[in-house]
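K.L.:
If you scroll down you'll find the structure; I have some questions about it.
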Amino acid sequence: MSKGRIPHWADVTLVPLTSVLLAFVISAILIWAIGESPWAAVKLMVEGAFGSSYGWGYTLFYATNFIFTGLAVAVAFQARLFNIGGEGQALLGGLGVALVCLYIPWPHWSLALIAASLGAAVFGAAWAFIPGYLQARRGSHIVITTIMFNFIAASLLGYFLVNVLRPQGAQDPSSPRFPAETALPKLHEILGVFGIPFSTVPPVNISLLVAVGMCFAVWFMLWRTRLGYQIRAFGESEPAAEYAGISPARITIYVMLISGALAGLMAVNSVMGEQQRLVLNAVEGAGFIGIAVALMGRNHPFGVFLAAMLFGFLYQGGAELALWTGIPRELIVVIQALVILFTGALDNMVRIPIARLFAMRGAR
Amino acid sequence: MTRSHKFAGAASLLALSAGMAHADPALMFDLGGKFDKSFNEAAYNGAERWREETGGSYREIEMQAAAQRVQFARRLAEAGSNPVVVMGFQNAPTLEEVAPDYPDTSFVLIDAVVDLPNVRSVIFAEHEGSYLVGMLAAMANETGTVSFVGGMEIPLIAAFACGYAQGAKAVNPDINVIVNYTGDTPAAWNDPVRGGEIARAQISQGSDVVFAAAGGTGLGVLQAAEDAGVFSIGVDSNQNYLHPGSVLTSMLKLVDQAVYDAFTDGPGLETGVVQMNLAAGGVGYALDEHNEHLISDEMQEAVEAAKAAIIAGELSVHDYREDSACPAF
């Protein structure tokens, strides 16, 4: 990568912004090609996502999911481990949340939140531990094992929902509703304390604050602790890290545990905060969106936060677009895919010209 | 704001209120999308039939995430759509939450029951229809083995499998019924390649009639059956025409009719539980010019007799969903 030639500020702002812009330009051409007005579409998306506290609520709700899964991928990537098992880890996290909420009577949501977060993190971490262990001790490639574990997680969850958690006679393979005491306070209740009015409809809840807290925690862990230093050193060069006395196996397993725990925490938002019960396919691709979020956020917690907001906007704005125009849902998926394509796969297409630009300026 | 803007705004407001007076119906698809060749697509076909016959218009919406269930149901009700038809049993909690807030809007839930004054719940007796095609399968069978390819192992699909096995064993008590499921992710409903693989595996185990209840996955099953020169049975819509001569029959589940009826009845439609069973013509087996030479007169007589017995209440087909158990296995 020609990273050295681009100033840091440009690397973290100019490159992703240009990529997003390019993705939007092509999306606009596509919308125009199917006979809709791109300008009206953009307006509808922005208004739908940010034009009201209702829109903000949904945008933030989706963003919360993507912060967790994005952080999970970002942490693993700091050690150059490509954890694409966020989907399965979050599913297992959901199982942890459900077990904690269903089988232990909680007097207050705050205790339930702490316990459910622990449950989600432990289950997610345990699911990431196995691929981590296999990578560290057996050399099985983490990309292969984590993606396979997504399917195993889906099967395991299907088994639990159909045979264990489903109330007898119920059609729907899902757990019973969690007790009312475990319902997390929604954002409008939190803001209501400060007298700020907010729409009561969207499912955005206190997990948003947990997610933001996790951004800080991950930043602190990576750049202010010994473990974080070891992770980054290991990621930059494995032989150098080993020479410095860092055990590759230990770091691999630790990183995967942290990554899996973060992915699992997503379930606190979606399962406990929104659905209030565990349903089939509770993650809905957020684990995979996390990869795009981490790529776009340059594997930095702050970048992950911003990228998660962008994807939250695409989800909510896209929903409004589907609701009020003739633009089919598939095209919204295409727009999201274009953003992923440009920020992830075609990164160098933007990076190299920008690097040249800076090189020319430097030469002058 | 300029004068022309104001005018445009007033005009659009007028158009909006005019739309509300008409109260166009709305259709909310379940996850999986409009063109799943199965459940959602049947609903879409019903809505389109209504549009063609009445010249009316309707609003439709596809979901991307489960969080949008409640969101979209609310938005449709707020936009003045009436009735709002909601697809899929996973939307039962959605309507439990949304319907009480819009008492003047009629909701229709397909595939599950919600007991609210403004909700019509349409449920299908899939086990009864599957029983009939199971009988046909056993009568066409020569090898002593028939098989079933399901989408996901959920109670709904297990009810198809259980009814099928009961019907087959009613004809031939010694028949072997192989049951396989495609997967555990939503991809299981739209994976024809895997469906074909499973069907071929079942055929190599001796099955000569394969029943697919797996959405788009079933297309691969029907293809594999034709390639191997054995029979297959379609599902939901009449799929006899897909491979004439190979598709023995189709288990009909008239989702399109349920949507068409709801749209036709309009706002203020009669609520409560609508049983789409054999008696109501909501399920059945397909007989048309593509398969009439495959179904002999004796076969048809036997099935019609069973159908009459089920309708009369003399023959009861066990519904897997009642106790999560199947007497035929």
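Cβ coordinates are placed from backbone N, Cα and C, and glycine is handled just like the others.
What TrEMBL says about a protein is an automatic prediction, not a curated fact.
Remember, it's a predicted structure, so these values are computed and weren't measured experimentally.
Found this in TrEMBL, in case it helps:
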TRANSMEM  A:12-35  transmembrane segment
TRANSMEM  A:55-77  transmembrane segment
TRANSMEM  A:89-106  transmembrane segment
TRANSMEM  A:112-130  transmembrane segment
TRANSMEM  A:142-162  transmembrane segment
TRANSMEM  A:204-223  transmembrane segment
TRANSMEM  A:251-272  transmembrane segment
TRANSMEM  A:278-297  transmembrane segment
TRANSMEM  A:304-325  transmembrane segment
TRANSMEM  A:331-350  transmembrane segment
K.L.:
State the non-local partners of the transmembrane segment (A:89-106) in its own chain: residues 6+ outside its ends, Cβ under 8 Å from one of its Cβ atoms.
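P.N.:
Answer is 68-69, 72, 83, 112, 115-116, 118-128, 149-150, 153-154, 156-157, 160, 165, 175-176, 178-179, 181-182, 259-260, 263-268, 270-272, 277-278, 282-283, 286-287.
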K.L.:
Thinking of Cβ pairs under 8 Å, which stretch from A:12-35, A:142-162, A:278-297, A:304-325 has the most of them with the transmembrane segment (A:204-223)?
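P.N.:
Between the stretches A:12-35, A:142-162, A:278-297, A:304-325, A:304-325 has the largest tally.
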K.L.:
Most CB pairs under 8 Å with the transmembrane segment (A:331-350): which of A:12-35, A:112-130, A:278-297?
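P.N.:
It is A:12-35, which has the most Cβ pairs under 8 Å.
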K.L.:
What residues elsewhere in the chain lie close to the transmembrane segment (A:278-297), defined as a C-beta under 8 angstroms and at least 6 residues from its ends?
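P.N.:
For the transmembrane segment (A:278-297), the nonlocal Cβ contacts are 16, 19-20, 65-74, 77, 84-91, 94-95, 97-98, 150, 154, 157-158, 161, 165, 172-175, 263, 266-267, 270-271, 303-308, 310-311, 339-340, 343-344, 347.
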K.L.:
Are the transmembrane segment (A:55-77) and the transmembrane segment (A:142-162) close enough to be called in contact, which here means at least 3 C-beta pairs under 8 A that are separated by 6 or more residues?
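P.N.:
Stretch pair does not touch.
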K.L.:
Per the definition of 3+ C-beta pairs under 8 A with sequence separation of 6 or more, do the transmembrane segment (A:112-130) and the transmembrane segment (A:251-272) touch?
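P.N.:
They are in contact.
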